[in-house]
Structures are given as structure tokens and as C-alpha cells.
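Novice: What follows is a single structure, and I will ask about it in a moment.
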Amino acid sequence: MNFVLSLCARLVFVVTLLRGQDVLWVTDARIAKGNNINLGEALQFLREYDSEASSMCLRVTTAQWSYATNMTDFNKRRMIDEQTLKAKFDKVSWRKAVEFDWSRIPDPLARRLLRMLVTNSRASLGDDKFNEIYHLISEMKDLYAHVRACPYNNFDKLYCDLELDLDVKRIMAKSRSNAELTHIWQEWHNKVGPPMKNKFMRYVDLANQASILNGFQNAGEEMRFAYEDENFESEIAQAFHKIQPLYKELFTYVRRQLFKRYGPRVLRSNGPIPAHLLGDIWGQDWSNIEDIVIPYREYKKIDVTDEMLRQGFTPLRMFQMAEEFYTSLGLKPMPPEFWRYSMLERPNGRKVQCTVSAWDFCNKIDFRIKQCTEVNMNDLITVHHEMAHIQYYLYYADQPYLYRDGANPGFHEGIANAISLSVNNPTHLYRVGLYNNNTDIYETNINFLMSMALKKVAYAPFAYLVDQWRYQIFEYGVKTMNADWWELRLRFQGIVPPVKRTESHLDAAAKRHVIADMPYIRYFVALLLEFQVHDVMCDAAGHRGPLHTCDIYRSREAGRILMDILKSGKSRHWKDIIRVLTKGNTDTISPEPMLDYFEPLLLWLEGKNKREEEKIIGWSTKKEDTALFQPLVSKGYSVGCSLVFVINSVLLLVLNM
Ligand code: X8Z
Ligand code: ZN
């Protein structure tokens, strides 16, 4: 959206109270405010802000698009200039907004918009520190983009030119050599973290200072405030703990297959899994080890790529097919500007950024996708996913600028993923003439659910813990932040580093979102939401049978539900949206539909795991595991931090009861 998928960019904060069925926007007395309560002046300011912010967004997005689709030095300079201008505009807008006492403005819409503006900024820091944090983040992103790893067996160290997207990810996905995987894992982590450590610590300090000036106790509290819900933390903690038994069954089965492959020299049969064996540099998506863990090898994986090639598919046809999916639900076709300006294939003769993204140019007309599409099944699903973001943009285009966003930061991705759940299942592929085999074979279904679990269930603890770590360091400090990172990785994911780590490392920095100041809990929210929305739409579409076989294609009823969510944008509280969506059953993000979706796989996993020798579902931790990352001398701080862990554990125990 304004800035690629602004879901990756904007934070908006409002505290809410639930009273009976109504969601009320309530004030938080601590948030910065001035003393102007003149409604006329406030409305005038907001009108001007709406129009100027939209124009500013159009300018900066246009410059970003130009650079992303033609990476010249000139375009880069222009983009940086526009971004700097936009940062200045945000700062000036914040200054104007804090002149109002938003809490006493006698109009709820104006109150909310003003409050969003005053809490959505680091401008409270003053010019010097504002510029400093802005540059620190840019420098860290730049460092990240330029990290290059040395290949395995590169004795002369001459060609240390492995890039994350092209090389590191490929090697982690394809290599089955413990030595090579360990090397690449270590290379990447050692090259990313240490050079950023000082900058990151200063960033933590400044982010905290800004949040304190904004009326929060620390930057973590301000990040959570984006969910406009006092119970957000405990609700997602509960949801997380409901999914953990499924994760642990999957983990146990996967570890056994890895143990068979790599043996006791690499991992223990009942211990944590070393992070380099999971097919992914972050250990967050285990899809790449499907070949090692597939339940029924003799039943082929569903892949319609060959059929697409046989039928002469092109990238354009894939986009037309996705458009037809949405119009079959009664949603809008893509506007002419979309077809005219999108970049649907990798162009010849110029350097482009191939990362897939959906763009909102903030002028209610121009919406585009940038994708170096190839004709294969994976890209077909991605095309549908990206077009869901465009549908969101199209439907909320008439909302005020600040409401042109998902209902909460997880909604955009949650909705887009919910669509993918329909599109990637064999039922849909059969209906669109790409898959002709029988979809009702038990073994094929289990294989399919396993491939989904490697992506979704495996991801849950990672998506949950990234921001748990950030909240911790914002609150308790950075002294043992690398050990804290691994403590969480071990506790929630059952994962340990393949080699010894110390506080000179900063392994969380291997994840770009961490150093780029991008909140991450939204992906956990999106994960649950996608199944919740899928479930409701399937119900409306009259689906009978297991949830993983549902396809909402051609259902106007499902389309109406979708449209209703999309057109509200951020104007309604997300709890209100969920309450209406679930016909009053719940107003919270529920893990039940996800558990329901994977139930057949859970039964299969339980059966498998029960029969095996080791009997431990999950992992048992030994000293040798924690010794991989714990500092040698215990400091006062560590005690404080452990106390937090104890309190958290007790809280979670209570929640589990
Ligand atoms: O960061 C992203 C998107 C941009 S919003 C590419 N994702 C998360 C990640 O890569 O860790 C999508 C899945 C989760
Ligand atoms: Zn997306």
C-alpha cells in the first residue's frame, strides 16, 4: 500500500475497552496532547492532513516504484530524497497534531484520527535524535543488504559473495550436508549480527526514549498498543499455547526423520533440533525438508506446474485467472491502471528488485503488483495472494487516509493467506482444470496437510517469539540479548544454535524485520486469522467436509463476507469485525479453526509418535543445550530476566489450566 503493503510499515495506536457488545474507543490520559479543543480547527487540520498525506504518499510510492523496477543510481537518489521529505512531513504533522487535546475534541472520528497521529511518530524525540534513529535504521538496513557470506570449502576466502536471497536461502533449502549447512548458517549469522550490535543498542535506547515521551513505559508497550486492545498480550499467549501441542507433535515427528538422516552426532533423539537442519536460514518455514519428512513417499506431491506448462500458461494468464477468482466471488476486477503499469514479469535490460509486492499509490486509482512471475504452481498461489492485497486497497480506497489499512496489523496478510488456503488445495485445482487425480485418497490428504503444516504449524512459535524477544529487550535491556533470543528459541521452538553463540553475536538480526524496525507479531496474528476467515467463508459457501478441502471459488456469499471486511479498512475496530464475522461467537483471534484444519494430521502424528521409542513429545533440554548460548558468568541482570521468565511461565501455566 502506501509504501509497499503499508502493513509492513504503519503503526496506529488506540486503547479500547469492551463493554457488552460494543467496542468503545477510550482515551489514554498518558498520551501526548496540547490544549486546543476547537473542533473546527481540528477538522480543518485533519482535512488538510488527509489530502497532503495522500499526495506525499503518492510521491514517495512513485519514487520507490521507479527504483524497485529500474535500479539506477539516479532513481535511488530520487527515492531517498522523497523518503526524507516524507519523514519531514510526518514530523511536521505530528507537531501540528499534538497542539490539540485530542481527548477532549467533541467528535469521535476526529478524536481517533488525532490520537493515531500523535502516537504514530518518533517526532517526540526532537530533531537531532529523530534524525539519528532514522539514519540508524537506514544504516542497519543497508548493512543487511550488503552482507555476503563465504561459500563452504572456500579455502582462499577469495569469493565471499553469497547473497541471502540468491544463495544462502538456496543452500539452506537444498544442501543435506551437515558440515555445509553449519558453515552457511554460521557465516550468515556471524556476518550480519556483530557489525550491527552497537547501532542496534543505540536504536533500542532511542526507540524507548521516543515511546516514553509518547506516554508509554517502553517501545514494546507502544508496539502492542497498535492492537487497540488491553488484553491483546494474554489473548495471543493463550492462542499460542493452544497450538503448541500440535507443534510439538509435528516437531517430534520431524526430529525423528532428521535423526534418521543425520544421526546422533548431529542431534539427540529426544532433544532440541539444531537450527541449521530445517531447510531455512531462520528455521521458520520447514517446507524445504518435505522430501525428508513426507509421510507417504509413494503418493506424489500435488504440483500442477507441468499441467500449467502443458496448457501454455503465461504470467499474464495467471493474473487473469486470479482476477477471475475474485470476480467469481462478486469482487472487483483489476482496474485498467493495474494492467497498464504492473510489473508481472522480470523485464530484460534493466536491474529490478524481484521481491513480490502489492502497491497502493494512495490516489484511489493506481494499484500495482511487482512480481517476476514464473509459470509454476507456487507463483500461481502467490499471484492470488498478492491480488488479495490489491482487493483490500480497492475496497478501502474511499476511507480517510489513516483508515486505508487492515483492521489491525495482521489483517492484510491474514486475508491474503485465507484466499491462498482455497486456491492451493486440490479441490480448487481440480475445479479450474489443473488437477485431475482423485482428491479423496487418505494418504494424499495427509501428504497435503503435512506440506501445509511445515509452512504454517512450524512457523507459529517463530512468528510468536520474535516480538516476545523485542518486548523483553525494550523492557529489561540489551545486556544478555543474544542469550535471551536463544532462550526463547529453545523454549518455544525447541531449537538450538548449531555452534556456540556469545553476546558478541546478535542472532536476531539475521531476521531483517528486527533491524528494520518492522513489528513481527502481526504474522502470528495473520496466521490465526487466515484460518478463522477461511472457516467463516467456507461456512458461508456451504462447504461440507474437512476444512482443508474447502474452496470458496464462485461463492457470492463468501465474497460478501470478504467485501465487508475489506471495505471497512481500519475504520472499525477489529474485534467488532471478528464479532460480526463469527455471528457473535467470539470477538477474539481464535486458534480453533487452525486446529480444526490440521485435525486429521494431528491424529496421524499422534499415532506415529506413540509408536516410537523415545516417548518424548517435544524436547528435553540438557545443560549442553543451554551452554551453547548462555553467558558463562551469571550477572545481576540475568537473575532479573530469569525472574521474568518464571513469572511468564507461571502466567502461561495458569492460562493453560
Ligand atoms: O515479511 C514478510 C512479507 C512482507 S510483509 C514478505 N513475511 C514474513 C517473513 O518473511 O518472515 C511474509 C511471511 C512472514
Ligand atoms: Zn502478503
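Placed from the backbone N, Cα and C atoms, the Cβ positions cover glycine too.
From TrEMBL, here are the annotated features:
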ACT_SITE  E386  active site, proton acceptor 2
ACT_SITE  E386  active site, proton acceptor 1
ACT_SITE  H513  active site, proton donor 2
BINDING   Y227, R522  chloride binding site
BINDING   H385, H389, E413  Zn(2+) 2 binding site
BINDING   H385, H389, E413  Zn(2+) 1 binding site
DISULFID  C150-C160  disulfide bond
DISULFID  C354-C372  disulfide bond
DISULFID  C538-C550  disulfide bond
TRANSMEM  636-655  transmembrane segment
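What's the neighbourhood like for these features in this structure?
Specialist: E386 (active site, proton acceptor 2) carries a helical DSSP state (H, G or I). Long-range C-beta contacts of E386 (active site, proton acceptor 2), restricted to its own chain and to partners at least six residues apart, with a cutoff below 8 Å, comprise V356, S357, A358, I369, Q371, A416.
Around H513 (active site, proton donor 2), the same-chain residues at least 6 positions away in sequence with a Cβ under 8 Å from its Cβ are V466, P519, Y520. Secondary structure at H513 (active site, proton donor 2), taken from DSSP and collapsed to helix, strand or coil, is helix.
Other Cβ atoms within 10 Å of the Cβ of R522 (chloride binding site), summed over all protein chains shown, number 26.
All protein chains included, H389 (Zn(2+) 2 binding site) registers 25 other Cβ atoms within 10 Å of its own Cβ.
In the three-state DSSP assignment, the secondary structure recorded for E413 (Zn(2+) 2 binding site) is helix.
Using a 10 Å radius centred on the Cβ of C160 (disulfide bond) and all shown protein chains, the other Cβ atoms total 12.
Counting every protein chain shown, 15 other Cβ atoms lie within 10 Å of the Cβ of C354 (disulfide bond).
Mapped onto three states, the DSSP output places C538 (disulfide bond) in helix.
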Novice: List those of the recorded positions C150, C160, Y227, E413, R522, C550 whose Cβ lies under 6 Å from any atom of ligand 2, in sequence order, or write none if there are none.
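Specialist: Correct list: E413.
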Novice: By CA-CA distance, flag whichever of C150, C160, C372, R522 among the recorded positions is nearest to H385 (Zn(2+) 2 binding site).
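Specialist: Going through C150, C160, C372, R522 one by one, the closest to H385 (Zn(2+) 2 binding site) is C372.
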